[in-house]
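Here the structure comes first, spelled out in structure tokens, and everything after it is commentary.
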């Protein structure tokens, strides 16, 4: 039970100039059809359907010397094929890797409470009090909820780099306060501070990666979020091994948790700022320099013109307000973002992780730490597959396939539980279903959900839509963890898992009908194809 409580929060975690001749720009496609959203009295469902069906490409943006540029880009593409080695992701990789340290911290703080919670309760005097033991874990989510909401106020004024650095303060301070805690109150304060920092970073990292990564590699680089979380969990479990013989080892583990915070703060000093934020902040020369170093010289003019076109028509996000989320088309994207996280959580990921240690115990794996390690390795393997598939198969296909696999896994476990068969066969089927569920979640439902929302959001409201979506995530994360065991005790495992499978099928259908494919399209292309203001400008011309 102690270990299960520690698992219920699980979710899902300067470059020199590089003349990138192997990265090429996908030219804007010509299309005379554009989606147009109108605020009417029709139902939200119908509005969402209109949004989802609008998979057209953005309007033309005319560039000077377009023919010469197209020819140059074609030559670059051919060069990429001739060379046989595609390193277009490399310039952005160090910056993305540094940002993913935040997800490592997320995973580490999830796993750090898995084993030592019993020793912590005994030393701080609340052993046997299941409410306080659960609160030590759950207050982390409360802090994350507040952090998600508070994110926008910082990043719009300071930019991503400075927000990362400032946000390391609660992460470092929370880890140290927790490590030095002499009472339950101090431990709760430390865990809350850590959650506050994690809440900001879970919103900030996907946005930073989506705005820094080249379009062609945005999905693959975005998968590093999930990989960072998995590595953090595995690292915390490995470091927890001495705790079996040392009841005070948990303090050392929490002190160690402060180290990645210092690395993140230092690393961000040498990382680039989002070129889109720089452009909105009027720092055009800096934006051009970042684009040149990360995306290639040939991308500078086109990217800047796209940025300026979006800002001119929709405004920058430096002066946006939360009330704008009630306006079209921002309200629709916010609704889709919130719905994706609601479906993700109600599909049962935290419930399965909550119950996984008992599933492993049935097949002879009695150590909860070892069971959790298996879960972490499975999640890691799935995240690696997502890294490879994200920019090849596309976001929508991965989401649909992921949720279909999760549904199949749940129904397999329900079958193993509900129909009479040999006990060993039943246990092995349950284990197979659990592993398959976690793997398929990590391939799509985990990494894609956090990436697709900033891709669909407008530049003006991207941060606030992400903050809203993740606040919904944390609420339902908490609710599933809170009521899962109670539902299992009241209705049984099979009905609860069956409902998870049904929700997974619903999520697959939602992704199929309402998610616009974003693979291979710049954030500006996506925004121009979904924002009616650009159609209005086109028609007026």
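Here the Cβ of each residue, glycine as well, is placed from N, Cα and C on the backbone.
Just so you know, TrEMBL annotations are computer predictions that nobody has curated.
Range with TrEMBL annotation transmembrane segment, chosen from 80-100, 101-121, 248-268, 269-289, is 248-268. With respect to Cβ pairs under 8 Å, the transmembrane segment (465-485) is most closely packed against 333-356, considering the stretches 221-242, 248-268, 333-356, 398-417, 497-516. Here the listed stretches are 164-182, 188-209, 333-356, 429-453, and the one with the most C-beta pairs under 8 angstroms to the transmembrane segment (221-242) is 429-453.
If you look at the transmembrane segment (333-356) against the transmembrane segment (188-209), you find fewer than three C-beta pairs under 8 angstroms, all six or more positions apart, and that falls short of contact. Contacts between the transmembrane segment (188-209) and the transmembrane segment (368-389): absent, as fewer than 3 C-beta pairs lie under 8 angstroms at sequence separation of six or more. Within the chain, the transmembrane segment (398-417) has long-range Cβ neighbours (under 8 A, six or more residues past its boundaries) at 343, 347-348, 386, 389-390, 425-427, 429-430, 432-434, 436-437, 439-441, 443-446, 448-449, 452, 493-494, 497-498, 500-502, 504-505, 507-508, 511-512, 515.
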